[in-house]
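Listed features, source TrEMBL:
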- Ser35: active site (ACT_SITE)
- Lys84: active site (ACT_SITE)
- 17-97: domain 'Peptidase S26' (DOMAIN)
- 105-144: domain 'Peptidase S26' (DOMAIN)
Amino acid sequence: MFLRSGLIRSLLVGIPIGVTFFDSIGYVARVEGVSMQPTLNPADSEGSSDFVYLDRLPLRNFCIDRGDVVSLISPKNPSEVLIKRVVGLEGDLVVTKRYKKPLVRVPKGHCWVEGDNAGRSLDSNEFGPVSLGLLTAKATFILWPLSRFQNLSSADVPAAIYSY
């Protein structure tokens, strides 16, 4: 009886703590696809996926910078979560690759995101500027495979971004 009540008590305390942590602080996610190659899932690791730590704290105050890798809810399919790089922030003038306009000024409360593998990415070149409210977390570390364990620091953004 003691073991059972101790287990129940542990679950009653542990589950809310775990839910709060994953909802507020961060979580580990598997990255699938080729849109962020070579940064994530590089070609030499065919068939394997990177696991990244997604930190929710930087987005509480929309503390993102150009070059950050973020997760976001897909504007085209809200049941999908995407991983992309922020290449433009509000006010920036972006030279687009495949978008309907060759130049786009990123509106207030939005950002421009692109995959590192430009030819194989569903990103802002398809759906335009992304509302900051769709960003869910900032990818800060590659955790797995261990041979690729590293900090995902912000990368330099392309010269096609003009900040004002």
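Each residue, glycine too, has its Cβ placed from N, Cα and C.
For Ser35 (active site), the same-chain residues 6+ apart in sequence whose C-beta sits under 8 angstroms from its C-beta are Leu82, Ile83, Lys84, Gly115, Asp116, Asn117, Arg120, Ser121, Leu122, Asp123. All protein chains shown were included, and the count of other CB atoms within 10 Å of the CB of Lys84 (active site) stands at 26.
Nonlocal intrachain contacts for the domain 'Peptidase S26' (105-144), taken as residues 6+ away from its ends with a CB within less than 8 angstroms of a stretch CB, comprise 26-28, 34-40, 50-56, 58-59, 62, 64, 68-76, 81-94, 96-99, 150-152, 161. DSSP assigns Ser35 (active site) to coil in the three-state reduction, placing it in neither a helix nor a strand. Looking only at the domain 'Peptidase S26' (105-144), the predicted model's pLDDT averages out at 92. In the three-state DSSP classification, Lys84 (active site) falls within a strand.
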